[in-house]
Amino acid sequence: MPKEFHQVAWDDLLQDDCRRLIALAVREDLGREHDWSTLSIVPESATGEVRIVARQEGVLAGGKVVDLIIQDLELDVTATHHFADGAVIVPGDVLITLQGSVRDLLTTERIVLNFLGRLVGIATLTRTYLQEVQGTAAKVYDTRKTTPGWRRLEKYAVQCGGGTNHRTGLYEAVMLKDNHLAWYTEATGKAAQLGDLVPIVRQFLIDQLGEQEGQKRIIEIEVDRLEQLREVLPSQPDIVLLDNMDCETLSAAVALRNESAPNVQLEASGGVNLNTIGAIAQTGVDRISVGALTHSAVNVDLGYDWV
């Protein structure tokens, strides 16, 4: 089985990131003061019910964030979830029912909708990309092109949409990209020999992390020409990233890999969008990384409707 990157889960690390973002969102909205609009007309004793409703088709992500908002802000509100994260939703679906203090419901409306809208947007776009590769073996991966502070949440949303997480951070795997290789060439005065770099990196990982952990870490090398691929395949990196290759070249790369190093995974990257991903998947690559999943997703429209 090919090695795989860590897949983000709803764990303590993710919840800690989420709590920091919630605290920041509250500070943005309330500063050191109060929601004067709500306090000026709504008595403390008022109670009510709100339904968060889908206004367009999508994939739910972030329902658990609402629970953290209620918990961390100590809201006098209860949440009833009608769909789980990852569920396909259609216009009119009631996603979450909130009951309790009208003051709390009004003050946190935009915070709740900002989190949900963003995460549902990412999950929905991910699902759209996955639909374009149906019938192929290609898996759709996210990237590190995420909103600062939001990475784990955004990668969680990608999973909700059916996508697969690429490395969460630099600490997780070695990925030698064009700028690494350019520096190496300039610093050493000789062209980077890709086939030589893989065993050097593997030994470094073993020296730093120990035999077992050093062997487990993924090593990925970026190439942009078939000549580079031929050079690196004999050294058996875990993954080779094929950067900005057209489909004809990608197909040739797959044939070359199948012949000489069938255990090496091939990842296509660069120029991937909804118009191109289907053809890219048909070339036989194993992985397609799509920065757009997180950097180009649009918030999904959700209603915050009083009952």
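Cβ coordinates come from backbone N, Cα and C, glycine included.
TrEMBL: automatically predicted annotations, no manual curation.
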Quick check on the annotation: TrEMBL has R110, T143, R144, K145, R167, E222, D243, S269, G270, G271, V290, G291, A292 binding substrate, so which of K155, K177 does it put in that site too? K177
Composition by DSSP (helix, strand, coil) of residues within the domain 'Quinolinate phosphoribosyl transferase N-terminal' (35-119): 33 helix, 25 strand, 27 coil
Fewest other C-beta atoms within 10 angstroms, as judged across R167, E222, S269, G271, which are the binding-site residues: G271
Average the per-residue pLDDT over the domain 'Quinolinate phosphoribosyl transferase C-terminal' (122-303) and send me the rounded value. 96
Using a 10 Å radius on the Cβ of R110 (substrate binding site), the other Cβ atoms enclosed count 14
Restricting to the same chain and to sequence separations of six or more, state which residues have a Cβ under 8 Å from that of R144 (substrate binding site). R151, H166, R167, T168, G169
Once DSSP output is merged into helix, strand and coil, R144 (substrate binding site) belongs to coil
Span of the substrate site, taken as the largest CA to CA distance across R110, T143, R144, K145, R167, K177, E222, D243, S269, G270, G271, V290, G291, A292 (Å, rounded to a whole number): 42
